[in-house]
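Notes to accompany the following structure.
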Amino acid sequence: MSKILFFSPCSLFSHTMNKNSRLHTNSNIGNTFFSEIGIGITGNSFLLLYHILKFIRGHRPRLTDLPIGLLSLIHLLMLLVAAFIATDIFISRRGWDDIICKFLVYLYRVLRGLSLCTTSMLSVLQAIILSPRSSCLSKFKHISLHHILCAILFLSVLYMLISSQLLVSIIATPNLTTNDLTYVTQSCSILPLSYLVESINSTLLAIREYFLISLMFLSTWYIVALLCMHRKQTQHLQETRLSLKKSPEQSATQTILMLMTFFVLMTIYDNIVSCLRTMLLNDPTSYSIELFMIHIYATVSPFVFMSNEKHIVNFLRSMGKRMINLNLH
């Protein structure tokens, strides 16, 4: 299942789960996972609603507003699909047919790819925003939302094509016991692929992942370098209250830097643990830990973004004060 839902550069399908090692026997793991999913769905729904209302009210959008809103939508859909799939892992066999299995796993793969792509795009856009006028990136500062949407649409189609082999390899688990199938959930399995097809697909996924992560790393390094240069240039200024106050751009930059670093670290962790689990610890418990860890970014990211939005922070503070006052009275 790991290489269908949570793809790493290791062997394409690394989790072989037989019928005697079902994860639904451990209710604590399932409850923890569904709690994480619930928190993530709440946070992404709130962030998406905020950006929709912001657009309806006619606020001038920042260059990063569209990717952030899109990322919240992607994570919301991804977590919903993950929760639906998880019911067939932790709870009971639903008896899904081929169409449901193919649709859910294929949709999840595409959403995971779009999450990686949008996160990478967000880091690049932030680097463009901070780039000085003398930089070659400054000419992209006036890029329109139309171009961003076209890029996202192109990448969406590309990911759909790359993942299209899942529409063939994913099937409903037959009643006949066989050792040739890799179990994705209790209802869905993977048909064995030829060595050539598996190698090509693994190579394409690895190239895509390494390219986008490298792009995030370079843009993050560029942002850090710009911030260090800016700090050196302002060191000679007198340390007044005004100079110590963070600008909105600096706050947004620090937020995105933190998320990019967290995303890269979680991706590296997923790759390492997935490879080790494939070679050494191919058991349900280690798999369930990985299942929990790789959704942390989608769960945490909306709250990090919202912490940088003054309107949301002020709204939550006022709501908190009202609840405290109601409890006191």
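Using the three backbone atoms N, Cα and C, a Cβ is placed for every residue, glycine included.
Of the cysteines C10, C188, C228, only one is given by Swiss-Prot as the disulfide partner of C101: C188. With respect to the membrane, N28 and V105 are recorded by Swiss-Prot on the same side. Here the disulfide-bonded residues are C101, C188, and the one ringed by the most other CB atoms within 10 angstroms is C188. Most Cβ pairs under 8 A with the transmembrane segment (148-168) among the ranges 66-86, 110-130, 286-306 are made by 110-130. Within 10 Å of its Cβ, the residue among the glycosylation sites N175, N201 with the fewest other Cβ atoms is N175. Beyond its flanks by at least six residues, the topological domain 'Cytoplasmic' (54-65) meets 122, 125-126, 128-129, 141, 143, 145, 252, 256 of its own chain at Cβ-Cβ distances under 8 Å. For the recorded site, C188 (disulfide bond), the DSSP three-state label reads strand.
Across the structure, N175 (N-linked glycosylation site) and C188 (disulfide bond) are spaced 11 Å apart at their Cα atoms.
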